[in-house]
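Copied over from TrEMBL, here are the features:
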TRANSMEM  6-27  transmembrane segment
DOMAIN    112-265  domain 'Alpha/beta hydrolase fold-3'
ACT_SITE  S191  active site
DOMAIN    301-373  domain 'Alpha/beta hydrolase fold-3'
ACT_SITE  D340  active site
ACT_SITE  H370  active site
Amino acid sequence: MEWLYWLYWLLVISFFVYSFYLLHIPLPHDISDRSKLAIAEFLLRLSNEYLGDLIENVFGPEVRNKVTRFIMSVGFLIPTKPPTGITRKRVRVQGVSCITYKIEQSKNDGLLIFIHGGGWCVGEAKYYDDIMYQLCQRIGCNGLSIDYRLAPEHPFPAGLNDCHAVVLELCNNGLPDLPFNRKKVLISGDSAGGNLAAVVCQRMHREHNDVLLGQILIYPVTHVFNFTSASYQEYWKSYAGTALLNPKHMARWMLLYLGLDATKSNIKKVMNSQHVPLNLLEQKQYSSWLYHLNDRKQEKTVDSVLAEQFRKLGTNPDLSPMFGDTDGLPPALVLTAGYDVLKDEGIQYADKLKQSGVRTEWCHYPRAFHGLFNMPNSNDRVEMMQAVVDFAKGLL
């Protein structure tokens, strides 16, 4: 009967190989870490895309979002242990859960604050433990990561207010058991976390003047009207259907974050830029970076109700920092990736900062994809990490 055992496993393996062959979507030939990404992307597509679509069709977008959270959590069931010389501790700052990373032999008295990504709706600070261990060790400073409240349970501006409250408390009063110079605080974040970091930086400057030393924005979301830009079109041309960050993800998460109905209809309308007010392009201060909206699908009429909601919310600098005042902000490092729907808006924000006289470094990685900063053993990630370390050291 032993042959039945081996036949069983042969059939199982054959099934998965054949499934991979049928469902395989080729990735761009020059994308970073292509061989590793092909496997990770395929598994993520099976679980989060295909299964997620089925769950969304039956139970709706909010249940799908919870499933996405669960799928993400599986990869972090085994926590990363702190390396020698770093003490990790869960604390609460202004009622917000945070993680501190204390260096036993710090090289400077600065503090690196990190805000995690995940479309404002998924992710946790602990998923970035390994990143914080490396950054804190290499920069030589203590660190803190914020577990802000997530949408849709806590829509805009709940998560933003959490981040602002934590940063303000740290800059004003410090934190017991985590020594640092309150005048040497850096704020950083990736994706939606980069959006929150940019907004908090603007808020802190607007309301409390120069209290932050610098800002590090890793492929950030900078406004919500970008769906017909070149970087979004590149998705459809080069890697459509893959599990990499795509227009549908962004549209769904934006609607959930804003507390709006993330129905299939609304998601499609946002993807077609039908949520953009007609008069937005008439305002000269915005037309230079919203030029792509002239090319939106002409047969798609603007949804007046959705457009009015986005006019009020989307032009708020607390949501879209591109609409904010960037004069006098602290030095900035902006990282962008070539295979990323957010590429254009990251570049636009870097340009806006430079035009405002802000000392800005923009580092672009043509082969990189959205989320690469979390990819272990990647050469491009090593370069991105080094850019962050060099920038931080230069300020501290």
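The backbone N, Cα and C atoms fix where each Cβ goes, and this holds for glycine too.
Cβ-based neighbour count (10 Å, all protein chains) for D340 (active site) stands at 24. On its own chain, H370 (active site) has S191, Y219, L244, L245, A337, Y339, D340, V341, L342 as residues at least 6 apart in sequence with a Cβ closer than 8 Å to its own Cβ. Residues of the domain 'Alpha/beta hydrolase fold-3' (301-373) grouped by DSSP class, helix first, strand second and coil last, total 29 helix, 18 strand, 26 coil.
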